[in-house]
Amino acid sequence: MKLPIYLDYSATTPVDPRVAEKMMNYLTRDGIFGNPASRSHRFGWQAEEAVDIARNQIADLVGADPREIVFTSGATESDNLAIKGAANFYQKKGKHIITSKTEHKAVLDTCRQLEREGFEVTYLAPQSNGLIDLNDLEAAVRDDTILISIMHVNNEIGVVQDIAAIGEMCRSRGIVFHVDATQSVGKLPIDLTKLKVDLMSFSAHKIYGPMGIGALYVRRKPRIRIEAQQHGGGHERGMRSGTLPVHQIVGMGEAYRIAKQEMESESQRLRGLRLRLWQGIKDIEEVFLNGDLEHGAPHILNVSFNYVEGESLMMSLKDLAVSSGSACTSASLEPSYVLRALGMNDELAHSSIRFSLGRFTTEEEIDYAIELIHKSIGRLRELSPLWEMFRQGVDLNSIEWSHH
């Protein structure tokens, strides 16, 4: 077993060696290096064929038509293109958008930008387990609502939203429905022939593909229109201009192919490992599970350790690569906005750690992590005056703290 142990698979994943090997054939003179838009010679044709194969591999995993897959630079761009693209195209019908407070920053910040441009956005608060109440969603819909954006799996707590039910509601009311599936694709089954989802964002680097490549699913029947956000050459059927990075696209395709093949067995394995981790730490005093194990994605476990500061816990767990919150926001010392939206107080939100498991996580690593967490929590609480006061039965909320 090598230290440190990587338990931050929701931030990014290592590229699978099978993916890296395939990508290497699309970079140098010895391989296929042409521009897929070069239609006049073999170099371009071979590159175009490689892109077509990858497009099919991605479509196969999610039950889409390959013509519905638009390549982007990643899920952040896909979210931007979906939300701004649909809002701009359908704004004559209305200017109201609905999303949730626990979305990824790529969705929230895009909605904030649209507010500056004159759109109105309703941000729904989830229930304490992280799930959106469908009655709340229905109640928020107005005559001028044109777009609803709800993520499939939350990147911090792993809760799985009922996108099938939300999709039915949107379709019956003629509202465009966007889903950010970055954390669910390749881990949970997605079948877009059955789901009433109009736009769906994907990434490669969360399922053992390369960084810097993603895709947006844009439904053809009933046809959904979006306005391009990037111009210059009309690539990707006019929705996203720019030379296609063949090696990255091939990597994404191969990663999605492997995910389809291994998803069922791997999801079961990860569920088992996550349960082993939770069983190993749940008896520590004042430990709380954030999210919902029943409705949770198989790879994420978010836990709060009361009376322990999250940053100091991460320092003392230096042999475990874990995060507090998501990578996009964990550089700040603000408590997680996702946990705050679940109604959690700052102290508990500050003491939360996200463990995310993946393809290369072993039982041995989980057992080592359990032992290390027990030791670290014990040591940090010995140093904590708050813990001592709590043990003595002092109600910490009743104390008047003096501010310096």
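Glycine is treated like the rest: Cβ placed from N, Cα and C.
Site annotation (Swiss-Prot): pyridoxal 5'-phosphate is bound by ALA75, THR76, ASN155, SER203, ALA204, HIS205, THR243, and the candidate from GLN57, GLN183, GLN261, GLN268 recorded at this site is GLN183. Annotation: LYS206 carries the greatest number of neighbouring Cβ atoms among the recorded positions HIS205, LYS206 [cut-off 10 Å, Cβ to Cβ].
Across the residues the record lists as binding pyridoxal 5'-phosphate (ALA75, THR76, ASN155, GLN183, SER203, ALA204, HIS205, THR243), the two Cα atoms farthest apart are 30 Å from each other. If you take the C-beta of SER203 (pyridoxal 5'-phosphate binding site) and look for same-chain residues 6 or more apart in sequence within under 8 angstroms, you find GLY74, ALA75, SER78, THR182, VAL185, GLY209, ILE213, GLY214.
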